[in-house]
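What Swiss-Prot records for this protein:
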type: ACT_SITE; residues: Asp73; note: active site
type: ACT_SITE; residues: Glu104; note: active site
type: ACT_SITE; residues: Lys106; note: active site
type: BINDING; residues: Asp73, Glu104; note: Mg(2+) binding site
type: SITE; residues: Arg53; note: site 'Binds cAAA'
type: SITE; residues: Tyr81; note: site 'Binds cAAA'
type: SITE; residues: His136; note: site 'Gate loop latch'
type: SITE; residues: Tyr141; note: site 'Gate loop latch'
type: SITE; residues: Thr226; note: site 'Binds cAAA'
Amino acid sequence: MSQWSLSQLLSSLHEDIQQRLSVVRKTFGHPGTKGDASENVWIDMLDTYLPKRYQAAKAHVVDSLGNFSQQIDVVVFDRQYSPFIFTYENETIIPAESVYAVFEAKQTADAGLVAYAQEKVASVRRLHRTSLPIPHAGGTYPAKPLIPILGGLLTFESEWSPALGPSMDKALNANLTEGRLDIGCVAAHGHFFYDQASGAYSYTNENKPATAFLFKLIAQLQFSGTVPMIDVEAYGQWLTK
């Protein structure tokens with residue numbers, strides 16, 4: 001009688017992601033098409049394996065003051081408590097309060113891409129976010145503190161050798177403020193994350209990077225808790241303008 005193998009199941013998850021990214025790299029010649037296909041691989045993985053309270057999409061993020069982020073390759077956002085998500089001509093617009101994490105997704109990591117990803121992440125973190133007191137039977141709970149928005153980078157390969165070595169560390173440490181990248185994956189090599197306790201990046205070279213990254217992301221999202229109660233009327237004021 002055959003038996004299940006958890007090790008094989010976890011390995012298969014990574015192998016599927018790596019194989020799909022590899023096919024994209026080899027098959028599509030147009031950079032734009034290749035980029036879109038790479039984003040779709042990561043979005044599909046997150047939508048499949050993250051708890052259903054989360055959803056992933058390529059999107060812009062907007063705040064109640066009318067400010068927009070740059071276009072973000074992969075946004076992980078709340079779908080359970082978000083009162084509205086705009087979709088117009090296949091473009092998705094997500095309120096800033098609903099965002100848990102944002103990622104830049106490309107085929108290959110290099111210094112330019114890391115800096116570009118940091119600016120993309122900063123464009124989301126700079127947005128204004130509201131948080132309302134929460135009503136209950138006996139009154140109201142204080143407004144929930146805003147959760148940190150995770151920023152990250154998702155690629156198949158790296159221009160550096162070693163892929164997760166000093167060159168990547170230098171690029172990541174160039175921006176540890178609004179643009180800080182908290183977590184990322186180079187699917188052919190390993191994953192990384194920013195360790196708050198040590199104030200430094202941790203790098204892991206491994207055989208199943210996509211799976212390890214997914215588990216680490218889920219763990220970080222668990223610590224994020226739930227997004228705050230959005231002030232819908234702050235957005236509604238734009239109906240009169």
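Glycine is no exception: its Cβ is also placed from the backbone N, Cα and C atoms.
Here the structure is a predicted model, which means the values were calculated and not measured.
Features per Swiss-Prot, on structure.
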| residue | record | DSSP (3 states) |
| --- | --- | --- |
| Arg53 | site 'Binds cAAA' | coil |
| Asp73 | active site | strand |
| Tyr81 | site 'Binds cAAA' | coil |
| Glu104 | active site | strand |
| His136 | site 'Gate loop latch' | strand |
| Tyr141 | site 'Gate loop latch' | strand |
| Thr226 | site 'Binds cAAA' | coil |
Identify, in sequence order, the residues in the chain of Asp73 (active site) that are 6 or more apart from it along the sequence and have a CB within less than 8 Å of its CB; answer 'none' if there are none.
Gly35, Glu39, Trp42, Lys58, Phe103, Glu104, Ala105, Lys106, Lys120, Leu154
If you measure from the CA of Thr226 (site 'Binds cAAA') out to 10 Å, which recorded sites from the list Tyr81, His136, Tyr141 are inside that radius?
Tyr81
What is the separation, in Å, between the Cα atoms of Tyr141 (site 'Gate loop latch') and Arg53 (site 'Binds cAAA')?
22
Using Cβ-Cβ distances, find the residues under 8 Å from Tyr81 (site 'Binds cAAA') that belong to the same chain and are at least 6 apart in sequence, listing them in sequence order.
Ser98, Thr226, Val227, Met229, Ile230
Over all shown protein chains, what is the count of other CB atoms within 10 A of the CB belonging to Thr226 (site 'Binds cAAA')?
12
Where Arg53 (site 'Binds cAAA') and His136 (site 'Gate loop latch') are concerned, what is their Cα separation in Å, rounded?
22
In this structure, which of the recorded positions Arg53, Lys106 has the fewest other Cβ atoms within 10 Å of its Cβ?
Arg53
CB neighbours of Tyr141 (site 'Gate loop latch') within 10 A?
11
Tally every other Cβ atom lying within 10 Å of the Cβ atom of Glu104 (active site).
25
Long-range same-chain neighbours of His136 (site 'Gate loop latch'), Cβ under 8 Å, sequence gap at least 6?
none
